[in-house]
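Let me begin by presenting the structure, written as structure tokens, before commenting on it.
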Amino acid sequence: MPKRTDIQKIMVIGSGPIIIGQAAEFDYAGTQACLSLKEEGYEVVLVNSNPATIMTDKEIADKVYIEPITLEFVTRILRKERPDALLPTLGGQTGLNMAMELSKNGILDELSVELLGTKLSAIDQAEDRDLFKQLMEELEQPIPESEIVNTVEEAVAFAATIGYPVIVRPAFTLGGTGGGMCANEKELREITENGLKLSPVTQCLIERSIAGFKEIEYEVMRDSADNALVVCNMENFDPVGIHTGDSIVFAPAQTMSDYENQMLRDASLSIIRALKIEGGCNVQLALDPNSFKYYVIEVNPRVSRSSALASKATGYPIAKLAAKIAVGLTLDEVINPVTGSTYAMFEPALDYVVAKIPRFPFDKFEKGERRLGTQMKATGEVMAIGRNIEESLLKACRSLEIGVHHNEIPELAAVSDDALIEKVVKAQDDRLFYVSEAIRRGYTPEEIAELTKIDIFYLDKLLHIFEIEQELGAHPQDLEVLKTAKLNGFSDRKIAELWGTTDDKVRQLRLENKIVPVYKMVDTCAAEFDSETPYFYSTYGWENESIRSDKESVLVLGSGPIRIGQGVEFDYATVHSVKAIQAAGYEAIIMNSNPETVSTDFSVSDKLYFEPLTFEDVMNVIDLEQPKGVIVQFGGQTAINLAEPLAKAGVTILGTQVADLDRAEDRDLFEQALKELDIPQPPGQTATNEEEAALAARKIGFPVLVRPSYVLGGRAMEIVENEEDLRSYMRTAVKASPDHPVLVDSYIVGQECEVDAISDGKDVLIPGIMEHIERAGVHSGDSMAVYPPQTLSQKVQETIADYTKRLAIGLHCLGMMNIQFVIKDEKVYVIEVNPRASRTVPFLSKVTNIPMAQVATKLILGQSLSELGYQNGLYPESTRVHIKAPVFSFTKLAKVDSLLGPEMKSTGEVMGSDATLEKALYKAFEASYLHLPTFGNVVFTIADDAKEEALNLARRFQNIGYGILATEGTAAFFASHGLQAQPVGKIGDDDKDIPSFVRKGRIQAIINTVGTKRTADEDGEQIRRSAIEHGVPLFTALDTANAMLKVLESRSFVTEAI
């Protein structure tokens, strides 16, 4: 059926900020879909609150609204734009929930807007646990025995009839939020109570646990003519019981017989047909390893994390085709863009193995609960492609960037057998490494399979890796063993370690004997048809399919997996850099390992290498492609860390040179540079051990800010107020050494702001200054940033511009740089300089209309700012106010403290823009799901040093009609200054403490600050946790609370007697 002509204008809903469970895969899907609809001639309107995405660029849709994805704002845009149809299936759970809400509130009927892709009834059937159960029974598809409950007591009663363990799944939540596995009644009560609160319909499904079954996923497509096909099946390494987003996954599935595959394939196709989904859909099934029994676990009636993985694993562009199907085209009418000759009705065939490993945030959250279960915890993932399981698994391990280059963590050798086996059985994020260690200790695959229910097939592969390690150890410099190791994905570094030599020597030996990788094409059809995709992976074999072109090329390094501190913002910069390289007439080559992102979409660059970002893997591509040079400044710390080894190997680094990158990163060189440029910085010193640190701090005076050099996202950074805390930090938080000194700086409590600048070596363009709402001490990635600045004097702004120019020229910056300043008493100090693109590039690019990464790339390739039409200095500021606000994923991470400090904790961001500061703030808070009603109670629990300031906030809250509650000390302080607050207990006062008030819904906001001694704050942590679990707005910085107050004051009415 040809495409529909009765609709002209389509609105697409994006997925909003990045949180755990909903990451960059939706930027990829949304970008694909918008371009796909425009290609068919429709007018596209996009709504998304996340500025750090490619999809919110002006050229992706005809009209782009960066506004909160809430009923209030989406309705406004619908009424203004009057689209004919709405496509919600590309915005993740956010998009689906928004569509449901618009429908329930009658907005879609009122404006006669049609839903495309998935009908509401299908969303309901797939998402509502009761309707799903009915549908499966009608289709005679088996599902685990289960019961829908609305109260904790109902849950306990049902569990008693089927027996433990049981699984709790809240309805309409994302990434398993609030769910979990319960082994007994105590756990069941706890998890159900929390799950009911987090479910928007206060409903949970309690089901029999089928933990230990194989977890298999099918990614299916269907069109309006009822053509349906399987794009790809995937098998989890971890059995059922661990969220698929936290599991290691292989595609295609490896351990099923043909009969089992056909059985599950038929089930998946019958489900998508019954739901009448037009587009993509993901079906998760559990297969009993010992019989042909299977259960349907769940269905996602939308494009998901797994579809991004399936798209990248097969090359089959699911989101692009889902958008075309949504407007009436059928699979037998659309050409598969990969081959350019076959139709999309072909099921992809793979002649390789893909491995996906999740990336977890526990390097940032040392206290976080690492046990894996049905609630997702990973922030991102890596994917690797190889010709066998060993190769793809080991390539994925070294893509993770957790300091490993093989499936082993050396420290585990010291773990006792008992502790090892406990970790093997009770899965945490690093289970793969524990299982590998167990095999190295001689546990057999059979024994481990019995303990873990991991298929013996995979454990045999881990055993094979260990056997090759032993071969290598026994035969140093043996070329045959070297070839075997390379065929199985071993890195030069691992081989060097086993041979007692250096990586360089192994590389030399390989090159001399022509043991080099070949690059194979990902073509969706196992080389059956000719293909034109420039999408490659490396393997050791024969016939290289990646042919170097005659055009001069530039290699751009991506930023790897998404993690806290290095998010989708860097992918945004990478994609823009590629556009500029192409515009300058070069061939653009991308190298990256993240399957969720736009940069790994093969249609973005001229060539895509899906490879780990390590020195060895990058050099292999450089040896083949011989590019003009490599651009490292857009790939975050990942790419910057590769600059030095690459330069040593004779590779041309384009943009700021390695020596100058060093001057910004190395403390002593940086101080030297600032002295020469006559720019003040807070007094500080470096220390290589505990005594030196204590001495430095005495000299500078407390409080001090301590941190390791060379890190991103403020890892292991702390503000310490006394020597005792400092010594404990030096002992536990860092491994200080002469090679890795610790920086000790005077901590200045002032106004913080930051600048992104672009330099061509002579002139410096400063697109804008962003002022932070939270004062210094909260990581810049967790602060709310305002552009243009609201409180900085003209003089301070001029000083900032002057220092920025001096630094850019003095440090020989070519391209992008980011500088952070702190201002106290009108004096400007430089805190740090990053000679690369930073996480504020997308936000600032959007609000100033300067495509910063593109401009920077053109300068790197030799153009000047004046040639591009930009003037030197600070760019004229916008008349509107724009705010970038952080978004956190604390609900997903048990035991992680939500207190903000110098170590970054946010996973994503939103933007609010309007004519005034208050309106922009309102939008930013709404978009980041911090909604405060206009009346209610606010509770204060405040450290001594901030009580004075909190008193003023409390008075203002009272003036707009809020009730004030406070803990004992705070209430006494308020009372002594004439403000009566209702006292509440901290913790343990049964019905009168803060958590119980929170549970009863009597508190609308919590303002909690922490004093200088952070250790004694367990009560505070429990209070903060209760706020997170019940969705009560929590402010741990008074500046954020003050910003929220401004919003409330601007919306409140004055009530006065005449």
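Glycine is no exception: its Cβ is also placed from the backbone N, Cα and C atoms.
Residues annotated as region 'Carboxyphosphate synthetic domain' in Swiss-Prot, with sequence analysis given as evidence: 1-401.
Swiss-Prot lists 133-327 with the feature domain 'ATP-grasp 1'.
Taking a C-beta cut-off of under 8 angstroms and a sequence separation of 6 or more, Q284 (Mg(2+) 1 binding site) has the following same-chain neighbours: E215, I216, E217, T244, V296, I297, E298, V299, N300. Per Swiss-Prot, Mg(2+) 1 binding site is recorded for Q284, E298.
What Swiss-Prot records for E298, N300 is Mg(2+) 2 binding site. Around the Cβ of E298 (Mg(2+) 1 binding site), 18 further Cβ atoms fall within 10 Å across all displayed protein chains.
Under the DSSP three-state reduction, E298 (Mg(2+) 1 binding site) is assigned to strand. The annotation Mn(2+) 2 binding site is assigned in Swiss-Prot to E298, N300.
Averaged across the domain 'ATP-grasp 2' (671-861), pLDDT for the predicted model comes to 91. According to Swiss-Prot, the domain 'ATP-grasp 2' annotation covers 671-861.
The Mn(2+) 3 binding site feature in Swiss-Prot is assigned to Q820, E832; the stated evidence is sequence analysis. Spatially close to Q820 (Mn(2+) 3 binding site) yet at least six residues away along the chain are E752, C753, E754, S780, V830, I831, E832, V833, judged by Cβ distances under 8 angstroms. Classification of Q820 (Mn(2+) 3 binding site) by DSSP places it within a strand.
The annotation domain 'MGS-like' is assigned in Swiss-Prot to 930-1058.
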Work out, from DSSP, the number of helix, strand and coil residues along the domain 'MGS-like' (930-1058). 60 helix, 21 strand, 48 coil
These are the binding-site residues: N300, E832. Which one scores highest on other Cβ atoms within 10 Å? N300
Assigned conformation of Q284 (Mg(2+) 1 binding site) - DSSP reduced to three states: strand
